[in-house]
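Student: What TrEMBL lists as signal peptide is 1-25. What TrEMBL lists as domain 'Glycoside hydrolase family 9' is 47-500. Feature annotation from TrEMBL assigns active site to HIS427, ASP478, GLU487.
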Amino acid sequence: MAFSVSPFTLLVLFSCFATFLVCHGFPVHHNNPFHHRRHPRFASHNYRDALTKSILFFEGQRSGKLPSSQRITWRRDSGLTDGSAMHVDLVGGYYDAGDNVKFGFPMAFTTTMLSWSVLEFGGLMKGELQNAREAIRWATDYLLKATAHPDTIYVQVGDANKDHACWERPEDMDTPRSVYKVDKNSPGSEVAAETAAALAAASLVFRRCDPTYAKLLVRRAIRVFQFADKYRGAYSNGLKKYVCPFYCSYSGYEDELLWGAAWLHKATKNPTYLNYIQVNGQTLGAAQFDNTFGWDNKHVGARILLSKAFLVQKVQSLHDYKDHADNFICSLIQGAPFSSAQYTPGGLLFKMNDSNMQYVTSTSFLLLSYAKYLTYARKIVNCGVTAVTPKRLRNIAKKQVDYLLGDNPLKMSYMVGYGPRYPQRIHHRGSSLPSMAAHPAKIQCSSGFSVMNSQSPNPNILVGAIVGGPDEHDRFPDERSDYEQSEPATYMNAPLVGALAYLAHSFGQL
């Protein structure tokens, strides 16, 4: 039987196939500034392997009902009644670090940075793009649940003080799964605006792949940002005894309002947000000279993101943000007039003792992203008499990532499971205690401390986990009790995903 196909049917079939390709990790390149560059011949690291592992880590942090595709198999279902204390469904999401609490503030920042990693460098990720999208969706599915009721955000599940008094697997949890929220009467502008940023950024990740889901995310982002801006206040005030000192907001909520507005401007193209940024930017701290970017302070990230709107999208009214971004860059350049960054003798950017590696990964990501925007616009950074090229920014970022992966005085990788030598005793309950398969019987709250205090290596390898890292003298004791240096966290990995994708591609590994 003869079979004829109309041109219209062919067009429909082609568009469906194109959507399939976009959704399943075969990237479409659009004016890719990396695409025609010749690859350097030699890389001291397997950035592709590190990229795979940096994304795999998130599966080890999952809470809730695990899917059949779960690759970190020593984990099992956990937190299946989360939210029931308040008659809401809060099953899912991520444990932030080595404990069993779900903190909404760092989870939202992790989601924003994973999304930005994919938006900036996802076109280079090849087969890892789908894994990165799944890591984002595990978070956004949870954030949608946490924001289901208008003018209310459920921002934490678990009593952190009681959780920290136990050393037990998430599968065995018997500490209270208390639920904490912000609302009109007890606002939380920083956690609300960060959640809006996360939903808006993720909507861009899914825009072509799953447009229905993307629309849901952006609509929710708009509503959550309105709540953040209308009912202003710090969640650290109303929920102080539950969120402090764990994820107390020290930088205030102004940075998150600017950051949230920047992401909504990018996601919606609605002039309302551009106007909001122009009217409120200065009072929200756009021009401050801080140079720390992490789960608490978003000023620098907002500057770099808004400078892209000026450099790449040619939004002239945001031209000041290039100057603000340049100030941040100049603060990192050793020997430049306004340099304020500290480095260890081995060359690692050093901000503070507690989880310093989060600043290394976030700064490396910002340097590579800004280098991309500068290259596109054919611009450089002027630090007084020092001219800083995009190539120099890339070299600084590469040096930081290389240190993390093993080019350091201890010749140790600070990514678990990468390289011949890496931390063996990370501060992480599930990794340190025997798995459910090895020890099906319940491990009681306090009996796990005998393991925590021992010198035995962790039996379960949390592949891809980035730990807090060495001290200011490049020392790393690899002790489980030392949470400042030995604990991993989702927000350390999230920006590194983008940086590793760029490096893997630039050395011809992807």
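Placed from the backbone N, Cα and C atoms, the Cβ positions cover glycine too.
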Student: To the nearest whole angstrom, state the Cα distance for the pair GLU487 (active site) and HIS427 (active site).
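Tutor: Per the Cα atoms, GLU487 (active site) and HIS427 (active site) stand 5 Å apart.
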Student: Which residues, sitting 6 or more apart from HIS427 (active site) on the same chain, put a CB under 8 Å from its CB?
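Tutor: In sequence order, the residues whose Cβ lies under 8 Å from that of HIS427 (active site) (at least 6 apart) are ALA97, GLY98, VAL467, ARG480, SER481, ASP482, TYR483, SER486, GLU487, PRO488.
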Student: 10 Å Cβ neighbour count around GLU487 (active site)?
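Tutor: Neighbour count, Cβ to Cβ under the 10 Å cut-off: 21.
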Student: For the domain 'Glycoside hydrolase family 9' (47-500), what is the mean per-residue pLDDT, to the nearest integer?
Tutor: 97
Student: For a quick check of packing: other C-beta atoms within 10 Å of the C-beta of ASP478 (active site), how many?
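Tutor: Counting Cβ neighbours of ASP478 (active site) within 10 Å gives 18.
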